[in-house]
């Protein structure tokens, strides 16, 4: 009978410090795991198992949504839907990249860095996808075709380079200056989030100020921002495991909750974008030119190549890192 031996699990002081997580005392995988060991470990209880599945399963949910919308909206053939197509592709990418990063990050210290470089790049590109969607469908009426609107997506593409570069760099001082590393990484993702959501902040404040009727899209954006706030809080605070080290090693630690909140926020964001797309389509098509290839797929392609180059540069710098 064929038997599969599951990889051994270690406590925190049995693995190199680069693998340590705040408040997580056990459930670590071997720091020199093979690719097969990493895959097998996703089927046993480690401190990464729930991290893997809380993004792997939602990735397939978003792929399913993408396929359904592709058939119903003809995403590839209708230029009005091209920003949505880019958003959906990048939306599917980030949870899949995160799941892979958590799966294979225990192969070596170098592999851990590279895995998370790719994870950060996928998140940066997702922020660009949000800008495509917001710029095409969620921009406030009297901002449409204004200066901010014209430069909204190109600036978001530049922000993705800043986000990827800063977050990748934050891994280098991680051992010597962990607080600096955490601040840099948090700032790297807060900055593009705040920029992307400028149109939403304005619309929500405008509705509150003028007591306007809250549409289904505005309600969806509120849920999205609420879960985004929870996501940022969990990422920065490392609660609850910081209060009770060892109690939440396998289930309930902040990164698992962070993943769940991020996915829920993305779900509400997608629903709100679709509401805006359908309810504002006629008005937007009267006031905006038809999206062209250079401003959509050209911009996304350049951003993809630029982020890949940044990841490649940091990967090449790894041997010189302390």
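Placed from the backbone N, Cα and C atoms, the Cβ positions cover glycine too.
The transmembrane segment feature in TrEMBL is assigned to 50-68 (among others).
Annotation comment: TrEMBL describes 80-97 (among others) as transmembrane segment. Long-range neighbours of the transmembrane segment (80-97) within the same chain, counting only residues 6 or more positions beyond its ends whose Cβ lies under 8 Å from a Cβ of the stretch, are 55-56, 58-59, 62-63, 65-66, 69-70, 73-74, 118-119, 121-123, 125-126, 128-130, 132-133, 135-137, 263, 266, 270, 273, 277, 281, 284-285, 290-291, 296-297, 300.
For 102, 255, 259, the entry in TrEMBL reads Zn(2+) binding site. Within 10 Å of the C-beta of residue 102 (Zn(2+) binding site) there are 27 other C-beta atoms, taking all protein chains into account.
Residues or ranges marked as transmembrane segment in TrEMBL: 117-139 (among others). Long-range contacts of the transmembrane segment (117-139) within its own chain (CB-CB distance under 8 A, at least 6 residues past either end) are made by residues 80, 83-84, 86-91, 93-94, 96-98, 100-101, 149, 152-153, 155-157, 159-161, 163-164, 167-168, 171, 188-189, 192-193, 195-197, 199-200, 203, 217, 221, 269, 272-273, 276-277, 280, 284, 288, 291, 296, 300, 303-304, 307-308, 310-311, 314-315.
What TrEMBL records for 151-172 (among others) is transmembrane segment. Packing against the transmembrane segment (151-172) from elsewhere in the chain are residues 113, 116-117, 120-121, 123-125, 127-128, 130-132, 134-135, 139, 180-182, 184-185, 187-189, 191-192, 195-196, 199, 295, 299, 302-303, 306-307, 310-311, 314, 317, 321-322: each is 6 or more residues past its ends and has a CB under 8 Å from a CB in it.
Per TrEMBL, the feature transmembrane segment maps to 218-236 (among others).
As annotated by TrEMBL, transmembrane segment applies to 299-318 (among others). With a threshold of 8 Å between CB atoms, the same-chain residues lying at least 6 positions outside the transmembrane segment (299-318) that come near it are 86, 90, 110, 113-114, 117-118, 121, 124-125, 128, 132, 153-154, 157, 160-161, 164-165, 168-169, 171-172.
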Check: same-chain CB within 8 A of Zn(2+) site center, minus 102, 255, 259: 48, 50, 51, 52, 54, 55, 98, 256, 258
Outside the transmembrane segment (218-236), six or more residues from its ends: residues with CB under 8 Å to it: 138, 182, 186, 189-190, 193, 197, 200, 203-204, 207, 254-255, 257-258, 261-262, 264-266, 268-269, 271-272, 275
Number of other Cβ atoms within 10 Å of the Cβ of residue 259 (Zn(2+) binding site) across all protein chains: 23
Cβ neighbour count (within 10 Å, all chains shown) around residue 255 (Zn(2+) binding site): 21
